[in-house]
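**Q** The following feature annotations were taken from Swiss-Prot:
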- Asp21, Asn23, Asp25, Asp29: Ca(2+) binding site (BINDING)
- Asp199: active site, nucleophile (ACT_SITE)
- Glu256: active site, proton donor (ACT_SITE)
- Asp330: site 'Transition state stabilizer' (SITE)
Amino acid sequence: MERVWWKEAVVYQIYPRSFYDSNGDGIGDIRGIIAKLDYLKELGVDVVWLSPVYKSPNDDNGYDISDYRDIMDEFGTMADWKTMLEEMHKRGIKLVMDLVVNHTSDEHPWFIESRKSKDNPYRDYYIWRPGKNGKEPNNWESVFSGSAWEYDEMTGEYYLHLFSKKQPDLNWENPKVRREVYEMMKFWLDKGVDGFRMDVINMISKVPELPDGEPQSGKKYASGSRYYMNGPRVHEFLQEMNREVLSKYDIMTVGETPGVTPKEGILYTDPSRRELNMVFQFEHMDLDSGPGGKWDIRPWSLADLKKTMTKWQKELEGKGWNSLYLNNHDQPRAVSRFGDDGKYRVESAKMLATFLHMMQGTPYIYQGEEIGMTNVRFPSIEDYRDIETLNMYKERVEEYGEDPQEVMEKIYYKGRDNARTPMQWDDSENAGFTAGTPWIPVNPNYKEINVKAALEDPNSVFHYYKKLIQLRKQHDIIVYGTYDLILEDDPYIYRYTRTLGNEQLIVITNFSEKTPVFRLPDHIIYKTKELLISNYDVDEAEELKEIRLRPWEARVYKIRLP
């Protein structure tokens with residue numbers, strides 16, 4: 001068993017705009033993060049993944065970067081950033097920065113030059129094409145709705161933007177672009193950064209011919225994802241990046257890779273291939289999406305969740321490494337999506353944490369998850385800020401004539417602003433996030449759900465997360481044990497084991513408010529048992545043979561095999 005620090009770590013994601021505002025302008029900032037580092041130390045996390053703080057016009061909340069080597073004014077200064085890094089390192093917390101290199105902002109100096117003329121030295125830093133028959137070069141749809149192409153009058157050509165029109169895609173076929181990216185990465189690593197989370201990194205290689213996507217009935221544009229996800233040169237580029245940059249530092253890397261299968265996941269994460277340490281796969285995040293994509297909402301089933309999680313656990317075992325997550329800045333709140341955010345909010349938040357943190361992989365906690373923050377239902381589209389949500393609403397209501405209330409229901413369930421409402425620190429005005437007017441409204445349930453209340457209550461979701469993190473430090477089996485699913489067909493109970501030598505964890509989670517009976521399979525015989533954690537009071541003497549589970553109950557036993 002080779003010990004690796006990033007396998008043993010727990011990562012906490014900070015979305016800086018919504019974390020804590022130190023100066024009253026309504027926007028979270030770097031000094032706000034510094035002010036709350038003792039809170040993260042108390043929770044026990046090892047790594048912070050910081051969403052982008054680079055200079056940006058903020059079209060997509062910092063994922064549109066105009067200067068990779070400077071800090072956004074709203075967030076502070078480079079001096080603030082250095083102080084934050086020092087204060088994190090003092091507390092034994094590492095810093096992973098967001099690396100956004102599929103695209104830049106259209107206000108980046110490279111793009112400003114690129115659009116000036118067809119023979120500008122920066123022209124082929126981006127993907128420019130002439131139109132076809134007076135229309136876009138192909139029929140690709142942007143992830144944020146509408147065409148993925150924008151016409152530019154200056155040279156009479158179109159540029160590709162898989163995201164917003166203010167996020168032109170970089171041309172990774174150009175070795176100069178790659179060199180610029182690697183130099184920028186070294187700039188941050190030499191300042192002491194401990195790794196990168198790489199935004200949509202599996203989209204950097206496009207099929208050079210940029211063919212049309214499969215047309216969708218009733219839609220003007222088509223998905224071109226098969227021509228830009230896991231493209232022809234993506235592994236070549238990542239191996240080059242590893243050779244030139246990553247291999248020279250002791251860091252952790254995680255790639256965001258929508259649409260990746262376990263077989264592809266291994267190509268990115270098998271250590272012998274020298275690319276990335278782990279990826280964020282999306283299969284479990286797509287279980288409630290139909291063929292029409294994210295906004296085509298379907299009920300998810302526990303059977304599908306078991307199948308998906310088990311597939312990733314088993315297929316990467318001994319080859320790659322999993323990232324474990326249910327929440328991030330792009331997803332709705334897990335307790336509202338997979339649990340019960342009403343009567344059983346606390347129980348189901350703890351159950352979901354148990355289910356996730358006991359699997360093999362590196363767990364990620366998104367800010368507010370550790371206190372059981374929930375989705376929000378703002379009354380009006382005017383209360384929303386996310387470009388993806390606003391573009392989708394406009395397209396569906398204005399162009400397709402859909403019922404505005406039905407579109408709002410989709411946003412309430414799946415919108416990214418569910419994750420972006422301000423962190424709920426206490427029950428004072430604006431949840432203690434800001435002394436000013438918050439950039440996005442606060443979830444009205446902050447009076448009940450907040451950090452202050454969580455710290456004071458020994459049975460809170462926070463203290464449960466803290467215990468899960470401590471257990472990870474005490475038991476190698478949680479990090480390195482192999483995973484096996486038991487009870488594949490049970491509609492309510494997700495039960496699996498982890499095994500290392502003659503030790504085994506039995507993880508029992510009830511994904512319902514029903515009270516199903518758990519029975520220990522006859523083939524499991526043990527010498528001793530110990531209850532490691534549970535979200536209800538449990539009689540330690542209770543036999544494992546047959547247990548009636550309570551709503552959203554979770555238990556983890558450690559047994560010694562004969």
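FYI, residue positions are counted from 1 along the chain as it appears here.
Including glycine, each Cβ sits where the backbone N, Cα and C put it.
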**Q** Minimum Cβ neighbour count within 10 Å among the recorded positions Asp21, Glu256: which residue?
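**A** Relative to the other recorded positions in Asp21, Glu256, Glu256 has the fewest Cβ atoms within 10 Å.
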**Q** Relative to the Cα of Asn23 (Ca(2+) binding site), which of the recorded positions Asp199, Glu256, Asp330 has the closest Cα?
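**A** Ranked by Cα distance from Asn23 (Ca(2+) binding site), first place goes to Asp330.
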**Q** Minimum Cβ neighbour count within 10 Å among the recorded positions Asp25, Asp29, Asp199, Asp330: which residue?
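**A** Each of the recorded positions Asp25, Asp29, Asp199, Asp330 was scored; lowest Cβ tally within 10 Å is Asp25.
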**Q** Please report the Cα separation of Glu256 (active site, proton donor) and the residue listed as 'active site, nucleophile' in Å, rounded to an integer.
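**A** About 5 Å separates the two Cα atoms.
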**Q** What three-state class does DSSP give Glu256 (active site, proton donor)?
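**A** For Glu256 (active site, proton donor) - judged by DSSP and reduced to three states - the answer is strand.
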**Q** Could you measure between Asp29 (Ca(2+) binding site) and Asp330 (site 'Transition state stabilizer') for me? Cα positions, answer in whole angstrom.
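**A** Distance between the two Cα atoms comes out at 19 Å.
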**Q** Can you tell me which of the recorded positions Asp21, Asp25, Asp330 is spatially closest to Asp199 (active site, nucleophile)? Compare CA atoms only.
**A** Asp330
**Q** Quick one: give me the count of other CB atoms within 10 A of the CB of Asn23 (Ca(2+) binding site).
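**A** Asn23 (Ca(2+) binding site): 14 neighbouring Cβ atoms within 10 Å.
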**Q** Which are the residues of the chain, Asp21, Asn23, Asp25, Asp29 excluded, whose CB is within 8 A of where the CB atoms of the Ca(2+) site average out, their centroid?
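**A** Not counting the recorded site residues, we get Ser22, Gly24, Gly26, Ile27, Gly28, Arg31, Gly32, Glu74, Thr434, Gly436.
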